[in-house]
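This report refers to the structure that appears directly beneath it.
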There are 10 protein chains.
Amino acid sequence: MTTTGNLTQLGTKVETPASPELAILETVPFARTDGPPAIVRFTCPEFTSLCPVTGQPDFAHIVIDYAPDELLVESKSLKLFMTSFRNHGAFHEDCTVAIGKRVVEATKPLWLRIAGYWYPRGGIPIDVFWQTGTPPEGAWLPETGVAPYRGRG
Amino acid sequence: MTTTGNLTQLGTKVETPASPELAILETVPFARTDGPPAIVRFTCPEFTSLCPVTGQPDFAHIVIDYAPDELLVESKSLKLFMTSFRNHGAFHEDCTVAIGKRVVEATKPLWLRIAGYWYPRGGIPIDVFWQTGTPPEGAWLPETGVAPYRGRG
Amino acid sequence: MTTTGNLTQLGTKVETPASPELAILETVPFARTDGPPAIVRFTCPEFTSLCPVTGQPDFAHIVIDYAPDELLVESKSLKLFMTSFRNHGAFHEDCTVAIGKRVVEATKPLWLRIAGYWYPRGGIPIDVFWQTGTPPEGAWLPETGVAPYRGRG
Amino acid sequence: MTTTGNLTQLGTKVETPASPELAILETVPFARTDGPPAIVRFTCPEFTSLCPVTGQPDFAHIVIDYAPDELLVESKSLKLFMTSFRNHGAFHEDCTVAIGKRVVEATKPLWLRIAGYWYPRGGIPIDVFWQTGTPPEGAWLPETGVAPYRGRG
Amino acid sequence: MTTTGNLTQLGTKVETPASPELAILETVPFARTDGPPAIVRFTCPEFTSLCPVTGQPDFAHIVIDYAPDELLVESKSLKLFMTSFRNHGAFHEDCTVAIGKRVVEATKPLWLRIAGYWYPRGGIPIDVFWQTGTPPEGAWLPETGVAPYRGRG
Amino acid sequence: MTTTGNLTQLGTKVETPASPELAILETVPFARTDGPPAIVRFTCPEFTSLCPVTGQPDFAHIVIDYAPDELLVESKSLKLFMTSFRNHGAFHEDCTVAIGKRVVEATKPLWLRIAGYWYPRGGIPIDVFWQTGTPPEGAWLPETGVAPYRGRG
Amino acid sequence: MTTTGNLTQLGTKVETPASPELAILETVPFARTDGPPAIVRFTCPEFTSLCPVTGQPDFAHIVIDYAPDELLVESKSLKLFMTSFRNHGAFHEDCTVAIGKRVVEATKPLWLRIAGYWYPRGGIPIDVFWQTGTPPEGAWLPETGVAPYRGRG
Amino acid sequence: MTTTGNLTQLGTKVETPASPELAILETVPFARTDGPPAIVRFTCPEFTSLCPVTGQPDFAHIVIDYAPDELLVESKSLKLFMTSFRNHGAFHEDCTVAIGKRVVEATKPLWLRIAGYWYPRGGIPIDVFWQTGTPPEGAWLPETGVAPYRGRG
Amino acid sequence: MTTTGNLTQLGTKVETPASPELAILETVPFARTDGPPAIVRFTCPEFTSLCPVTGQPDFAHIVIDYAPDELLVESKSLKLFMTSFRNHGAFHEDCTVAIGKRVVEATKPLWLRIAGYWYPRGGIPIDVFWQTGTPPEGAWLPETGVAPYRGRG
Amino acid sequence: MTTTGNLTQLGTKVETPASPELAILETVPFARTDGPPAIVRFTCPEFTSLCPVTGQPDFAHIVIDYAPDELLVESKSLKLFMTSFRNHGAFHEDCTVAIGKRVVEATKPLWLRIAGYWYPRGGIPIDVFWQTGTPPEGAWLPETGVAPYRGRG
Ligand SMILES: [Ca+2]
Ligand SMILES: [Ca+2]
Ligand SMILES: [Ca+2]
Ligand SMILES: [Ca+2]
Ligand SMILES: [Ca+2]
Ligand SMILES: [Ca+2]
Ligand SMILES: [Ca+2]
Ligand SMILES: [Ca+2]
Ligand SMILES: [Ca+2]
Ligand SMILES: [Ca+2]
Ligand SMILES: [Ca+2]
Ligand SMILES: [Ca+2]
Ligand SMILES: [Ca+2]
Ligand SMILES: [Ca+2]
Ligand SMILES: [Ca+2]
Ligand SMILES: [Ca+2]
């Protein structure tokens, strides 16, 4: 089992990983008690990646909700993971889902969902919403409340 | 199967199609994995068409949500398609539903819904909401959050 | 069946009807396809009627959502109908429901709901919400999003 | 059956009742037709009572939703009833529920709910939400949309 | 000098005046002390008049700021005056300025300004702003803060 | 000179004064340094008084800005003073200015302004703005930012 | 002098002019009295033109404020003029200023300003603000209050 | 059974407890009647604790909803309990859930939920949502409505 | 002259200073060019101190604007300074001004202003605004835009 | 004189410049007429650079207002210039001012100002505001309206 003692990035000066593949999502144990699962939400307004076709930067506002089972994402490793997309090329739909899947892989949560609110291109922004299944029975999952896009005015 | 290599409009200088009929909605493959479908949202605040009776311009703010199965809408072709309504006459209700149906026809999604928020005429705006069925089980589909109309004050 | 050719008010200079009873709600055919019904929303922030007791003007912000079956409300006739309440006296609750019922009578929709957000009297505004039944299965019906009342501050 | 002709306060100069016990909630008949019930909402941002322990004024923003059966609350009597709490001492939880119960007693509605949004004391506001049961099947009951509390900033 | 004892409308059941000409703007004395003038603001979201050409109703949200000298507008007479425009035809620009001038005539204030925020016609709302001169030195005159118009989205 | 040691209400259980005349606005010394004056703002959303004509409660949202010279208002005494209007009858314009003048009298500030945002009566709210003179040179005085009134919608 | 009797477009079915050059801005006389000028604001959220380089549609939200001298813009002719840009190519900066100048030419106002809030291209919207000079002394000119652009989140 | 007479902190000058363990959550009896439970919401924007690793302060906005059975939280004791975290170190997820569990332990409610909206660290805020089970049948539980995080812009 | 090489806290693990007196505000050189000064704004929503009378925690949202001359505040030292108030007792007015003066002392700016938006006590929040003088000629100083306080509703 | 014919980047596929030094800000001629200057605003919510000390990404929302004299910034070259900061290290204050100065150097405007709204670090965001001088006489320069920072809640 991963313990806090195993963390390699927290409290240490760590270089930004050069790619998502090189980023290490670390975890800390979560003492889940009986009863419905807790929901944990990360809001990441500082996300940027590259367009796989043109190489131009893309920007997104990412929101992740998950129901941890035995492991929590260690938040500094999450930040480094998000930062590792800076020089990575991917389509909006794939990129959003892939981030969600990496967190699933690392923490084996009871449930996870992710929203990617991408900045407009050609006057049309794209949002991507994905979750691993119906939210867990008995858990509380508020709306993300992100404002809709409005060109001008 | 449609592949990115087949795209005829992306990365090319393309004239705005003269009518929706002449517009080509192109697609790219979507590697849908097991589990609940992802939802993709396009927000189009730059839509305009013509009143079929008076020929006067109409304006709308269009939001499309769909659950891609094997195909994604290629977004530049979507933009061109939306632009092709510029000289096209149609009633609000018909026009909104027709846009949704064209995206269904092109991408054969698991599910789709569309909202057309039309600008007021005679002091009364009309909104049109349509979907192909009950949203897919297990998918996450946030509210569009578009503000209600308020004349003045 | 009512057709556009039968319309007596659209594209013609028509006097405001002197009362709701004299107003004629006209319709146009709606080519409803298979699948879940579309929802159409009218937002009417310009509504005024009279208090049946004091004769003083009342004001309301009215929102109508309906699922057309074979007939759409012709919007100019709707505007004239709404305007016909200008010299009509009615209580908030009755007036709101009555408007909804007239649209039901004229269009025989699959479903309809109406909200009347009346301006405050004695520091207390009254809202009236009514619908013909549970919304149709598979239809999409967003919130109206009207802001709550707040006296001052 | 209560009729409008029985009203003792409407259109008359009436003193503010000295306590809730002395206030008379009057009603008017409601011609409920077949089908799902209408919902009527009162928003009362001008409510004040006294702390039963310290005698200091308390303030609240009160929202009442109900589904009238055969009787409507006469709104001037409601205003006088709300005003009658001005010199009345009660805890937030009890006071909110008690207002709801008085309206239930007077109008015997199909259903009622009440929200009391009390102003902060000790930096912490208290909200109280109560209803008589699950909302009636087929009725439309929008969110109250009251903004959450935020100390400063 | 006009005194409260001279008021003919306050605390009396008064019919709505049939036209602005027939409406009587009454005043009460204001004990203005030395120092900069106070500013008094009326906000009137319930204004409606008629289009002088088509006879169709127009709606506006009116805000009046004035610096009373020796007379205050009696607010019930102001309400009756505003209501008297209900069957009166006037252009937006003229109507807004005329309301301001009537209040000037009745109260002879140190200064007055008026804003008329008219509901859109042809997709374009018109606002009219007028004042009698530069605001009085040393008076405090906050912004009206009325939201800008936005068609949809 | 008033010192903290002279305070009679702070840290003591004090009855609400029965009228503004009986309320005591206490002060504490303020060590004003050289340079432009500081501005202190109190926001009081819990204000209520009585209509001098009908005896019905009035409500207001009061904002006071002042530039203390040698004395600060002790805030508990301010709260008691504001509360003392609960059974006091006064017109909006007079009441607002009178509150400002009492604070001037108690603290002899370099400058003061007050805004009373009164809840609507007859559909028209009244705001009253008053200040003792042009704001002091070099002081910083942000907008109060109170939202404008909007009946409904 | 232009009079209402000279109007060629109001109350008549008029084709949308094919270009701004072909559009006719008509005027009506304005009875300006002594004292500071009134300000009239048009808000036009339905503006679209073409990019002069690519031919792709551009969209903007246009706000015009002017101080009429002897002539008002007739609002139907303004709408037709704005619509005439639909097939016209122009850069944002030039187009915005040119609209303002046409209104100046037609109405010879005391003063005019215009704002063009253009929709984003390449992730960056452009706003253009122009006026004919310092606003007239003694006129009241509120902020336009248009919301700033925010990509997403 | 705990009664108000047993309260040791209300109306008494009490030192802030040095730790959550030393804080005493007191209760008052709640006269729950038949029918669906009431919901009581506390909003606590003044929460601060320490990072267990670095000792740096953390801040959170905490919202607690519960359905009291026979006991209410006495609100002054709640405030003291919340304040007792000031020098306490805990991770966001653990801390949020632990606060909820203490209120459960003290009041044995029918149901409780808690939200901790923690301020951003490393550009990413964490929200924690937990509840004891599915909300009680027939109770009314509005959204908390807390705004989503947005870095800047 | 202070240089970056002299910094003792940046990039080092530093304990929170036990009091403001022990906190060290460090600076870095600022290469001010000719022309009007730049304005730098810090927004600190995580501020807490103690009431000097009761020892209870106070909370504030602090905004600092300054025009650096030759020195910038090093931001980590600013954070530690702000944190050092956690166990410090001070009145709102004094505390706010004192923070401003410490930054003045450390950086000798061309100009500085500070706003303290304190959380409500007794239902009334206090804001304190102070600046060192009239803002420098030619500098740009936008509004802070902090929302006004509103109890509930 | 720079003409459109000289543009090397518009309508061409251009690689993102590797650093601001390598980016070329191109211009197009601006036909400035007599009278007060126009103001042009660019809003750039997609800006990111690197911390010069840690190499970690920084994010900002940048707003540029300028009064062009004879040259406009060509907007594609502006976008490429903004993008060129992606791998560039600079302090917030220096970086913001430097962007402004480069636009000044390229376009020699009558006047320019820039705002950098940087995302929070250590819980405190920094804003930087700079302009070349007092705005030009007679030009219209609306507020940027960017929302203030608020940690959570
Ligand atoms: Ca498990
Ligand atoms: Ca774009
Ligand atoms: Ca399939
Ligand atoms: Ca049928
Ligand atoms: Ca019955
Ligand atoms: Ca005089
Ligand atoms: Ca219209
Ligand atoms: Ca002195
Ligand atoms: Ca009222
Ligand atoms: Ca002239
Ligand atoms: Ca029990
Ligand atoms: Ca941060
Ligand atoms: Ca110097
Ligand atoms: Ca409080
Ligand atoms: Ca020149
Ligand atoms: Ca931080």
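Any Cβ shown, glycine's included, is placed from N, Cα and C.
TrEMBL labels come from automatic prediction, so no person has curated them.
What TrEMBL annotates here:
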| type | residues | note |
| --- | --- | --- |
| ACT_SITE | G:CYS51 | active site, thioimide intermediate |
| ACT_SITE | G:ASP58 | active site, proton donor |
| BINDING | G:VAL73, G:GLU74, G:SER75, G:HIS92, G:GLU93 | substrate binding site |
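Overlay of TrEMBL annotations on the structure.
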residue	record	DSSP class
G:CYS51	active site, thioimide intermediate	coil
G:ASP58	active site, proton donor	strand
G:VAL73	substrate binding site	strand
G:HIS92	substrate binding site	helix
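On a Cα basis, G:GLU93 (substrate binding site) lies 12 Å away from the residue listed as 'active site, proton donor'. Calculated from their C-alpha atoms, the gap between G:VAL73 (substrate binding site) and G:CYS51 (active site, thioimide intermediate) amounts to 27 Å. Geometry remark: the residue listed as 'active site, thioimide intermediate' versus G:GLU74 (substrate binding site), CA distance 28 Å. In sequence order, G:SER75 are the recorded positions among G:ASP58, G:VAL73, G:GLU74, G:SER75, G:HIS92, G:GLU93 whose C-beta falls under 8 Å from a C-beta of chain E. Within 10 Å of the Cβ of G:HIS92 (substrate binding site) there are 23 other Cβ atoms, across all protein chains. Among the record's substrate binders, G:VAL73, G:GLU74, G:SER75, G:HIS92, G:GLU93, no two C-alpha atoms are more than 25 Å apart, and one pair sits at exactly that spread.
Within 10 Å of the C-beta of the residue listed as 'active site, thioimide intermediate' we count 14 further C-beta atoms, all protein chains included. For chain J, the nearby recorded positions by a Cβ gap under 8 A, listed in sequence order, are G:GLU93, drawn from G:CYS51, G:SER75, G:GLU93.
For G:GLU93 (substrate binding site), the same-chain residues that are 6 or more apart in sequence and have a Cβ closer than 8 Å to its Cβ are G:ILE126, G:VAL128. Listed recorded positions: G:ASP58, G:VAL73, G:GLU74, G:SER75. The one with the lowest count of other Cβ atoms within 10 Å of its Cβ is G:SER75.
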